[in-house]
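Scroll down for the structure; my scribbles are underneath it.
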Amino acid sequence: MNRIATLACMLPKAELHLHIEGTLEPELAFRLAERHGVAMPWPDVEALRAAYDFSDLQSFLDLYYAGANVLRTEEDFYDLTHAYLVHAHADNLRHVEIFFDPQTHTERGVAFEDVLGGIRRALLEAEREWGISFKVIMSFLRHLSEADALATLDEARPYLHRIDGVGLDSSEMGHPPSKFARVFAECRELGLPVVAHAGEEGPPEYIEEALDLLRVKRIDHGVRALESDALMDRLAAEQIPLTVCPLSNVKLKVYDDLSAHGLRKMLAHGVKVTINSDDPAYFGGYVNDNFVACVEALALTEEEVIKLARNSIEASWLEAARRDALLAEVDATVAQWRAR
Ligand code: HPA
Ligand code: ZN
């Protein structure tokens, strides 16, 4: 590994775009299927991994929702989240803000309490053991209706003290942010900060809708902003964070090749870009894998890698004292690396 990739891996970082259901590795999927006596549609781990060959977002989502079928109990969600946090710790993540999709589970009869309870039990343990702080973001599935989202918000009401924000994911084309303007207004009234996937496959206008109609604090993905100079200028001027997921973009054919990714152009434009893994079990890597791949394919500089790590912490929802402490950890790690 070259020296800049080594620095990227060492740096303390935050992950801000991670679907916990997308961390389900094939080995764990088969273990959970066995736990529940569920038949898997694939003969073995290798066959399932070989099926991770996607043509677009929808082809991935079909497999992602099928995979989630083995997640049934509080213990399953604990095991899933714990396995992710082992990777997070190894990658020097000091803070994580993770999405969960309650509708994927409650529709199958899994209790909201078990989903959130299992996820949080693992997060609290990682905070105690490894000092990884966290936020939990409840995400609505945009291919379902506004009424479904409102019903899910109602179901979540007893748990809102354990939910730190709200997001919007799933099939983007044909499901613009405007479809959820009223739901998000209600979430904001409840004091929940909101984010939304926009401009992954959808046009720049979806990013503008997310900003103007949903009043999001961050844009998830947002890479199609590169098609609009005016939007790029706005994102830079308002310092709106983008949670970019480079390996995801290649796997889902947003870019043919990582060398064509617009990440570096966005940084140069002054946009507050962060690097995240999205669905690491499906897309070929966790946060450090994404950093290493970008260093290699885009020839990121030392300054850019440090900026990306700092951005991840600054774009988080951490309270000021911890945010500043983590930024000081970045400085200390850079000094240590330079002294080697
Ligand atoms: N985009 C939209 N929905 C998702 C994604 C994504 O990258 N991952 C999981 N759900
Ligand atoms: Zn995502």
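Including glycine, each Cβ sits where the backbone N, Cα and C put it.
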| note | Joining His17, His19, Asp278 at the Zn(2+) site recorded in TrEMBL, out of His89, His95, His105, His197, is His197
| Among the binding-site residues His17, His19, His197, Asp278, Asp279, which have a Cβ atom lying under 6 Å from any atom of ligand 1? | His19, His197, Asp278, Asp279
| note | Looking only at the recorded positions Glu200, His221, Asp279, His19 (Zn(2+) binding site) has its closest CA neighbour at Asp279
| Over all shown protein chains, what is the count of other CB atoms within 10 A of the CB belonging to His19 (Zn(2+) binding site)? | 27
| message | Using a 10 Å cut-off between Cα atoms, which of these recorded positions sit near Asp279 (substrate binding site): His17, His197, Glu200, His221? | response | His17
